[in-house]
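Quick look at what TrEMBL lists:
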REGION    1-24  region 'Disordered'
COMPBIAS  9-20  compositional bias 'Basic and acidic residues'
REPEAT    276-310  repeat 'PPR'
REPEAT    311-341  repeat 'PPR'
REPEAT    348-378  repeat 'PPR'
REPEAT    382-416  repeat 'PPR'
REPEAT    417-451  repeat 'PPR'
REPEAT    452-486  repeat 'PPR'
REPEAT    487-521  repeat 'PPR'
REPEAT    522-556  repeat 'PPR'
REPEAT    592-626  repeat 'PPR'
REPEAT    627-661  repeat 'PPR'
REPEAT    662-696  repeat 'PPR'
REPEAT    697-731  repeat 'PPR'
Amino acid sequence: MARVVTLEPPERGDVREGREGLNPSALNGGLPLGDLLLGGLGLQWSRGICCPLRHRKNVKALREGLSPPHQRTRPPLELSQDCMRRETRTPTTPTLPSTFTCTLGNASRFVILYPAMSYMAYAIGGEELRGSTLCCPQTYGGAFLALAPGDTLSEMIACVGYFIKLFRWAEGTPHGFPRSASAFAAVLVPLAEARRNRSAYPVSLRAIQAGLLLPLISLLLTYPLSPSSHHLLNFLLRMSTKFVPECQAQDPAPTSCSTQCLSAFQEMARQGVAPYVKVCNCVLSVLCDAARWDDMRAVYSDMLQLGVEPSIVTYNTLLDSFCKAGRIDQAVMLLKDMEAQVAGCLPNDVTYNVVISGLARNGELDKAAQLVDRMRLSKQASAFTYNPLISGLLARGFVEKADALQQEMQNDGIVPTVVTYNTLIHGLFKRGNVEAAELKFLEMRAMGLQPDLITYNSLINGHCKACNLKQALWLLGDLRRAGLAPTVMTYNILIDGYCRLGNLGGAMRFKEEMRAECCLPDVCTYTILMNGSCKVKNIAMVRVFFDEMLSKGLKPDCFAYNTRISAELTLGAISDAFQLREEMMPSGISSDTVTYNILIDGLCKAGSLKDAYVLWMKMVSDGLQLDCVTYTCLIHAHCKWGLLRKANNIFRGMVASGLSPSAVTYTIFIHTYCRVGDLDSAYGWFRKMLEEGVEPNEVTYNVLMNALCRIGRTELAYQYFHEMLERGLVPNKYTYTLLIDGNCKEGNWVEAVRLYCEMHQKGIHPDHCTHNALFKGFGEDHMHDTIQYLENVVLGA
């Protein structure tokens, strides 16, 4: 039985509302018209006829009551004579008829594109668009697209341009393209058959944005699998791995990229459809970035079951995941399988570099060095091979070995890269070796390597931490002279440098300079400023910066809240501090271990040890793990109040729970016993510290040397000073000040001046405490001579 639809179009160029003349429920049992027209095409895409009426032979054929010449076997398609006359008279810009009646024979699905795109508003939207205002857009010329029974996919492919026009036009309507998997399949399948990947990209992206990836893939999997449909499935899966970077800014996804692409992969695997190995590698890479190690193993197992042969990229991605997850043994085992050709793929230089990097990060430097030697002997080594091992050596204080390794790579003809020097500069500054870091910077330039932003940020950060702001500012100027622009991180480093010196005004000036340079402060900037305000006891400014951050639309993170809480505790406002913790939860920020540690430390400093214990128990009940800092806060409080027995009990409980005391924990005990004059017990804790393999830091040695200098045993203090140097620790300003003070008390003026000169040579700037220690040994009578000597001999030199 023939189906007849009467459409009453708007006048040319007119803006009209949806007409009642189109009754969607009159078609095919009352299905929604959008789903009927486009969904039908998607579900049964082989049933259709594409007939552009602007071709005269088609118009002639239809006037005679026949199908077009290439579709003689199809049912005849009848149009009103009025429509035919208007079409043949003006084929490119037809005059709109008052009514348009088409008889589609036994066609059950059709899409109308004639004669103006306004008709598509009715066709796509159905009742959803009823009552909305539609604008009649530009006419694309007379065109009629009807879908009737029969295998006419080739004809549809020939007119894929209409599908793209349909999609683009629909996206511009208020309701957009229909949010159904069948509608997207209706457009994507012909595009896939026509190999129109570029045209399929925006359609696929919109489907993913609409959250229809899984329904779309499930629908496509119900079709007979062909090369084009298999390619389309892989195309969609590949697109899902790009979802976050492509679409997050415009339309944030309800689920993560890793979850979405994993679900799509699993849906294909359940139906026995094997993705391309390159697409599988993309899925593995996304899961690796999301640290979903177990899911990676599951995907790899599915690949093998589906018959997908892993490539070298597959194995390298798996090795990278093993290393990042700390599963070094599995990484080494897989590498051995690859070397023995069990895995079916031989390792390349990237494979070895990944494993070397993982071994170095996990502290297995000997194994990493063995692999480097193997690559060096096989002539496969590059700067990428050496860089991770150099970084690992520097991280563990082996500065000389790292320098020797750099010389070794240069002797083998391997030129260090910018990354190599960035690693060396960062590592040397981290160890406090300012002079050596500067030499590496000069060496880098001498080799013709151009420093990048990472280089300058490392240098500026190193000098700021060494309280050498003058050099840091010079480097900022050098950065600009090199044609680089400082980033938010650069400014944050400088602001932190000023805050370290207590120069809050200078820090605020840099914040204003950031704005002038269109480099807006972030949450980290305000957190640094709040922390700097805490150091100078300006708690009012902490509150000002916190409120300003909120007024700028920035959302404080846990670090910002913790800094504000610490400030309130410094002020003694314990109730305000706990109120802030309560405000974190509605903001979606959970109190972490650091939050509790700050609160426990604040209560301990206020002498509220009972409340600290109560909070400690709540921390456990909330499921948070007690860490070394938690125990150390309680130990420090008990030591401060002279409760050494309880402090020792807490220490034993800490060890019994499986936690390893830190250098700070041991230093607290050493300092406490030194303060009460029990140097034997202090040395006992120092010896125990070494026996447990805990490396002393500069503060530990300073505490011991200070205690010895105070009782006049400066010579023994020098023994600890030399031991400190042997361990690779760099003496700081406090180290030199206490030795100068000890020598001045004993009348060793020459040695005191030598130490003062050594400070300047190493780039360590004395402060007023250093000068007070130096001058007080000579009295008022010699003050003028002392200052003159320092100016002429020391500073002049």
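Any Cβ shown, glycine's included, is placed from N, Cα and C.
The DSSP breakdown of the repeat 'PPR' (452-486) into helical (H, G, I), extended (E, B) and coil residues amounts to 26 helix, 0 strand, 9 coil.
Secondary structure by DSSP for the repeat 'PPR' (662-696): 26 helix, 0 strand, 9 coil. Summarised by DSSP class, the composition of the repeat 'PPR' (348-378) is 26 helix, 0 strand, 5 coil. Sequence-remote contacts of a segment are chain residues at least 6 beyond its ends whose Cβ falls under 8 Å from one of its Cβ atoms, and for the repeat 'PPR' (522-556) they are 488, 491-492, 495-496, 498-500, 502, 504, 507-508, 511, 514, 563-564, 566-568, 570-571, 587, 589. At the 8 Å Cβ threshold, with sequence separation of at least 6, the repeat 'PPR' (697-731) lacks contact with the repeat 'PPR' (487-521), having fewer than 3 such pairs. Each residue in the repeat 'PPR' (348-378) has a pLDDT score, and their mean in this model is 88. Counting same-chain residues at least six beyond the ends of the repeat 'PPR' (417-451), those with a Cβ under 8 angstroms from any Cβ of the stretch are 383, 386-387, 390-391, 393-395, 397, 399, 402-403, 406, 458-459, 461-463, 465-466, 468, 482, 698, 728-730, 732, 762-763. Secondary structure by DSSP for the repeat 'PPR' (417-451): 26 helix, 0 strand, 9 coil. With DSSP classes pooled into helix, strand and coil, the tally for the repeat 'PPR' (311-341) is 25 helix, 0 strand, 6 coil.
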